[in-house]
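Pulled from TrEMBL:
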ACT_SITE  A:S543  active site, phosphoserine intermediate
BINDING   A:34-41, A:113-117, A:168-171  GTP binding site
BINDING   A:G469, A:L470, A:S471, A:G472, A:S473, A:G474, A:K475, A:S476  ATP binding site
DOMAIN    A:25-239  domain 'Tr-type G'
Amino acid sequence: MALTDQDRALIDEDVVAYLQRHEEKSLLRFITCGSVDDGKSTLIGRLLYDAQMLYEDQIAGLDADSKKHGTQGQNIDFALLVDGLAAEREQGITIDVAYRFFSTERRKFIVADTPGHEQYTRNMATGASTADLAILLVDARAGLMPQTKRHSFICSLLGIRNVVLAVNKMDLVDYSEDRFQEIERDYREFSKNLGFGEILCVPLSALAGDNVTERSKNTPYYDGPALLEHLETVSTEVDTQAPFRLPVQWVNRPNLDFRGFSGTIASGSVRPGDPIIAVPSGRRSTVARVVTMDGDLEEGIKRQAVTLTLTDEIDVSRGDMICGKDSPAEQSDQFQAKMIWMADDEMLPGRQYVFKTANRTLPGVVSALKNKIDVNTLEERPGKTLALNEIGEVNLNLSAPIAFDPYRENRQTGSFVVIDKQTNATVGAGMIDYSLRRAANVHWQALEVGKAERAAIKHQKPAVLWFTGLSGSGKSTIANLVEKRLHDMGRHTLILDGDNVRHGLNKDLGFTDADRVENIRRVAETAKLMLDAGLLVMTSFISPFRDERQMARDLMGEGEFIEVHVDTPLEVAESRDVKGLYAKARSGQLKNFTGIDSEYQTPRNAELTINTVDMTAEEAAEKIVGYLDENGYLTG
Amino acid sequence: MSDRSLTHLDRLEAESIHIFREVAAEVDKPVFLYSVGKDSSVMLHLARKAFYPSVPPFPFMHVDTTWKFQEMVRFRDETAKKLGLDLIVHINEEGRSQGVGPFTHGSAYHTDVMKTQALKQALDKHGFQAAFGGARRDEEKSRAKERIFSFRAPGHRWDPKNQRPELWNIYNTRIHKGETIRVFPLSNWTELDIWQYIFRENIEIPGLYFAAERPVVNMDGTLIMVDDDRMPLEGMNVETKSVRFRTLGCYPLTGAVESKAATLPEIIQETLLATSSERQGRVIDSDQAASMEKKKQEGYF
């Protein structure tokens, strides 16, 4: 490893002294933001090179690479040091988040390097989420660009308070003081509402090395620190007076005599004897020990991974947050939050997603997209969905209350990621602003007469028969026949039909994916009310998406949801074309038509599948009524 | 004292522990891929810390190519016994019955059959859903972009386009049947951090890292230790030299360096003052620039 001469001398003379000195280093994580042309990779390469964190074979490799792929002629192209995947190297751009490491006498650094082209909000948010500080690069010739503002906004959104504006390529504007001060002034004016703590503006040249590791003679008007000097001295101290938070990650039970709660301290500090409260369970106790393999700690502080034991045997589990008794975290199941969308499939309000917080994974929905935030202008705009790289302000509705803090107060306990239920991909990330209500204060109205009582006097067990299938598959025809038979048998029924509902309850909705999701959500909720009334409900909707059918299923109780897949091949449904809709869709007059230019996701676990090619509508109705009878829905 | 700061090693340690605990809490069948080397030793130490006073709640698996240094196998068995680990040793029996080895089949084929294929076999056989590995981002340029949780499609294929963003310390561990996750708790550690931590925590590592008089032959400029009698010595000159190893693997594929460094500080001293990076000693890397990338897509770590 290439090291400074002093390091070499010390290592040579007394390696133990060297190791002991370096053991005491602190760690700073930072992110660099800028567009491809701002010289970001060059700056990181320069830091790595000047901090002498390269091996000689890497330098030799760099030399060879510079001549092969480089853009600096025969000189070393520092940018090549930090470019990674083979395909990207050939394109000359970086397309993901890469993490680099270097260290100096005082500190170890982890650099998150994210690309600077248009489609990159997702990557930058990822890199910023773990960064203590952000370096924003601007080209001195160009000044503040739209992307500078975009980067600043994302940094602010992700809660970074420490910002360095690196005015790069000063060598190309003759190190002009006026130019530098103009950019600094503009930036301070622009960023004053972004909630940054400290902002340092540095005039530098990554290529020439001015003010990177050492103060430059070319900028006599600048009396601040060189970039590296600043990075080495920014505070990384933990505020031990902040409210104590330990999200319980894992319950540690090696034997009957030991019950510990393991997790990483998210803020504050903890000592034996501290009174605590577990949120949301609300149980109270006192800390007995702060256990680690190296012995019990007198005090555990933020970022330490510890195991707490308590003086009482209270029931605390993963998902609980152990908090200082006097300043517990809030709990709620409804939030306002900022959300960044990270997937090609857009975010649909009303669709069920999985939300993962610091230590809890649970289903929920975005109940409303209040507005979208334009990352270039910071303007708020109305919108129905969030597309890849879009940011929105949303209302969230989780399936159970969780412990949390507003993100601006605690980045660990106020954050969550959004997971797609079908693909399991991470599709979004969010930051909680505040609770929309105190969930604990809202109780369900306890009712004397329930679903069971209402159904009993009708001699039936209520259920929702959810008919799904292509347009023209025969859903409504079959549902009508089923209802007629049940009615003849003296049963109490109701049909919710796609066309009819769209004339009333859902007449404000169109046929985009977002509207289809909302359409089904309302139908499912209505069906649930009818179910509570004790009825046998039949719904007849194309309901093309698995997610929404699952949502409807989850809404009803066990055994109350019967999915009936009316399985008619597209050619057959299209040849029937009772309403003339397929012809219109084929000719392009009708957009988003299921089976033509919008997907139908075949059910995987339908209780009943009706093949209308082999079976007449009457036979199908017979089969369904037979199913109800055999499974005890028709009593007495 | 109202403000305190953790050292970089403390923070790295805490991050790794968090990762271990998260997997144990959320994944049904995790496994620790134990390779016996120094990184594996550090990772084992961190796993013990994560669950103390419990023992790590998952098995440890060594993919034995049958060509590992004998001392590695001894160290492995002693460590497992001493710490009470649930150790699984997997050998590709088909490869063994065919007598696959680096001398007869070449290093690439041997590594593929006895290591890469063997690993996939073992993961499939036991139905492991997540496997802890010791890879670090600083080892190679392309690894800088590897996630801490790396997702593998059925068949263990790595698709660089289909990896999940990792924000804060929230890791999405959900997978479908047949998919697996490789988890790298040492992602943010550098080689120097590893040595520094071994020193600070007094972690035991195999004796092969320390210089001793060992019988070696010079094969095309690389010093290879004569570890057993399967080595073809015809026309070779066996010398006894004071050597040590900077990485551990199959003995015929692992070059020794001449050294007198017999204590941990001496090794660290030598490592720090060495002029070439660690992976250079590994034979598989020198193929081509993006070789790691390709190997990863095929399922090699």
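Think of each number as a place in line: the chain as shown, counted from 1.
Positions of Cβ are set from backbone N, Cα and C atoms, glycine also.
Known features from TrEMBL, placed on the structure.
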residue	record	DSSP class
A:G34	GTP binding site	coil
A:K40	GTP binding site	helix
A:T114	GTP binding site	coil
A:G469	ATP binding site	coil
A:G474	ATP binding site	coil
A:S543	active site, phosphoserine intermediate	coil
Exercise. How big is the Cα-to-Cα gap, in Å, between A:S471 (ATP binding site) and A:S543 (active site, phosphoserine intermediate)?
Worked result: 10
Seminar exercise, completed: For A:S476 (ATP binding site) and A:S543 (active site, phosphoserine intermediate), the CA-to-CA distance in whole Å is 13
For this session: Determine which residues of this chain, when A:G469, A:L470, A:S471, A:G472, A:S473, A:G474, A:K475, A:S476 are set aside, have a Cβ within 8 Å of the centroid of the ATP site's Cβ atoms, and list them as they appear in the sequence.
Result: A:I542, A:V566, A:T568, A:A573
For this session: Inside 10 Å of the Cβ of A:K475 (ATP binding site), count up the other Cβ atoms and send me the figure.
Result: 28
Exercise. Considering only the recorded positions A:G34, A:D37, A:K40, A:T114, A:S543, which residue has the minimal Cα-Cα separation from A:G474 (ATP binding site)?
Worked result: A:S543
For this session: Round to the nearest Å and give the CA-to-CA distance linking A:G472 (ATP binding site) with A:K40 (GTP binding site).
Result: 57
Exercise. Which whole number is the mean pLDDT over the domain 'Tr-type G' (A:25-239)?
Worked result: 82
Exercise. When neighbour density is defined as the number of other C-beta atoms within 10 angstroms of a residue's C-beta, which of the binding-site residues A:S471, A:S473, A:S476 has the lowest density?
Worked result: A:S476
Exercise. Which one is closest to A:S473 (ATP binding site) in space, judged by CA to CA distance, out of the recorded positions A:D37, A:T114, A:M170, A:S543?
Worked result: A:S543
For this session: Quick one: of A:D37, A:T114, A:M170, A:S543, which recorded positions lie within 10 angstroms of A:L470 (ATP binding site), measuring between C-alpha atoms? Sequence order, please.
Result: A:S543
Seminar exercise, completed: Here the recorded positions are A:G469, A:K475, A:S543, and the Cα closest to that of A:G34 (GTP binding site) is found at A:S543
For this session: Determine the most Cβ-crowded residue among the binding-site residues A:M170, A:L470, using a 10 Å radius around each Cβ and all protein chains in the structure.
Result: A:M170
Exercise. About how far apart, in whole Å, are the alpha carbons (Cα) of A:K475 (ATP binding site) and A:K40 (GTP binding site)?
Worked result: 59
For this session: Would you mind checking how many other C-beta atoms are within 10 angstroms of the C-beta on A:K40 (GTP binding site)?
Result: 26
Seminar exercise, completed: Per DSSP (helix/strand/coil reduction), A:M170 (GTP binding site) sits in helix
Exercise. When you measure from the Cβ of A:G469 (ATP binding site), how many other Cβ atoms are you left with inside 10 Å?
Worked result: 29
